[in-house]
Amino acid sequence: MALKQVSSNKCFEGFQKVFEHDSAELKCKMKFGIYLPPKAETGKCPVLYWLSGLTCTEQNFITKAAFQQAAAEHGLIVVAPDTSPRGCNIEGEDESWDFGTGAGFYVDATEDPWKTNYRMYSYIKDELPKLINANFPTDPERMSIFGHSMGGHGALILALKNPGKYKSVSAFAPICNPIQCQWGKKALGGYLGPDASKWEAYDATQLVKSYSGSRLDILIDQGKDDQFLSAGQLLPDNFIAACTERKIPVIFRLQQGYDHSYFFIASFINDHIKHHAKYLNA
């Protein structure tokens, strides 16, 4: 599959690049950011996938999170895809910020008119890793995933639905229980239809209740002053309770004074890179 380089910038002796490709899964052109650490010039490196939140593109994380220095030090390739298909000419795709463009929710849609293009779950799980492994010096056996908000939801469900695929998972302010919050009800209802029982397959709190795979150490950072926490969109307590019940180890850190922004992410990103490096470089 042909990759077209959009940009390349030297960064901490490695390179922050952006590529574009035609996605078979999403039936449109897609971009992703990829950080190649200096170690990638001489050997294969593990890959850490970052999933961004509502309204984001591949740019938000690579320009605002300040992760590159830690990734360079730990020898991690970091891939940051877009959050939805783009320019599919679907009626209504640009009408709201929390559904359609920039809001793929990391599900495979089953409803018209979304089901042809809105297949972000399969894109992240299958198509993108195959593309990355075919074109970059990766070790396909060493892969982890993390994300923010809607992307935190995506990271958690991908890890929980595919035991053993990812060595580790972490999240910043994830949408933990989408079947119970307004963002989730809107997105899952729109992409998957009115039958709420079908939504449970993409809800981390529900998935934890039946998880029986390999050990998964989960790290979650949540800003205490996050406006979406107080608005009931994130619901981490429900997820923590489900993990506790199933004896699934989760480190949950409520960070005093922090909000939902990339200032919060940049403040704790090094901890997350270190968390993943522990498993990826083991």
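Just so you know, glycine gets a Cβ as well, placed from its N, Cα and C.
All TrEMBL annotations are machine predictions without curation.
Taken straight from TrEMBL:
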ACT_SITE  Ser149  active site, charge relay system
ACT_SITE  Asp226  active site, charge relay system
ACT_SITE  His260  active site, charge relay system
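Under a cutoff of 8 A between CB atoms, and with a sequence separation of 6+ in the same chain, the neighbours of Asp226 (active site, charge relay system) are Ala173, Leu234, Tyr258, Asp259, His260, Phe264. Sequence-distant contacts of Ser149 (active site, charge relay system), defined as residues of its own chain at least six apart whose C-beta falls under 8 angstroms from its C-beta, comprise Ser52, Gly53, Leu54, Phe172, Ala173, Pro174, Ile175, Phe228, Leu234, His260.
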